[in-house]
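If you check TrEMBL, you get these features:
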- 68-310: domain 'Cytochrome c assembly protein' (DOMAIN)
- 12-32: transmembrane segment (TRANSMEM)
- 44-62: transmembrane segment (TRANSMEM)
- 74-92: transmembrane segment (TRANSMEM)
- 144-165: transmembrane segment (TRANSMEM)
- 220-243: transmembrane segment (TRANSMEM)
- 285-305: transmembrane segment (TRANSMEM)
Amino acid sequence: MIFVTLEHILTHLSFSIISIVITIYLMTFLVHEIVGLRDSLEKGMIATFFSMTGFLVTRWISSRHFPLSNLYESLIFLSWSFSIIHMISKIWNHKNDLSAITAPSAVFTQGFATSGFSSEMHQSSILVPALQSQWLMMHVSMMLLSYAALLCGSLLSIAFLVITFRKNIDILCKSKIFLIKIKSFFFGKIEYLNEKKNVLKPLSFRNYYKYQLTRRLDYWSYRVISLGFTFLTIGILSGAVWANEAWGSYWNWDPKETWAFITWTIFASYSHTRTNQGLEGTNSALVASIGFLIIWICYFGINLLGIGLHSYGSFTLTSN
């Protein structure tokens, strides 16, 4: 009873803290001058990380097995993975370019886990025989860490595409304006030259800022996806060993295994495009964007259907 109460407190505490963090983060877009807002954001993410860590440790002690036995626990672990990626990116880069991705991802994932399931799904249960293995922690934790990293990297690629698309539209509009100005060149040469002097520097600065932003997005997308792809490879290999112990075969073409292989293939293709200078940039970002949808099908769609050998994660949504 004590563990259940403690889990309930830690879950809602972390969700409350991270909701406040999101509010603070949105305020930083409106008021850039207040330095304390950004400091509060980082402190809030640290508090959220420790709250979710406390929940997972408490669930681990009370259930006597690693808390990854159902979809509710895996979503909490996925939210925890987003927060730890946020912490690591903060150490690597003090500007923390990933905060716009990791913080909202953590709150939405945990919000769905907290309010989107029936109360029965929140309860810890005894593991089925197939899950009573030392490979549970290795396989499932690697898969969820890979999902978190790949989702973050894919979202960065989507942001890269959006900014690049808008930039191309701006260039097209400027080209049309330039043609119009050429037509009026002979009628107002002096006015055109004066306007050009006033507009050239702001436009150049704005284009340079967008260029630097897209470079950072592309850089972090590649780094995070590479990390997630490594975790995914380890997760699939450990899962194959576990499957051989549980079912007597390394690979059974189960729906979950099939979509995991498709996910691996998509991001292997992404890694290949990064080695080709003619394909990196927009082309690799398109591949990562496709991977974003594939991950959700692999992780959530198969669990929603509750089919195949990996049907332990099927769930019932709350009827509100």
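The backbone N, Cα and C atoms fix where each Cβ goes, glycine too.
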Criterion met for the transmembrane segment (144-165) and the transmembrane segment (44-62) (at least three Cβ pairs under 8 Å)
no
Against which stretches of its own chain does the transmembrane segment (220-243) lie, if we need a Cβ under 8 Å and a gap of at least six residues from its ends?
85, 89, 97-98, 133, 135-136, 138-140, 142-143, 145-154, 156-157, 160, 249-252, 257, 260-261, 263-264, 267-268, 270-271, 274, 284-285, 288
Do at least three CB pairs under 8 A connect the transmembrane segment (44-62) and the transmembrane segment (74-92), leaving out pairs fewer than 6 apart in sequence?
yes
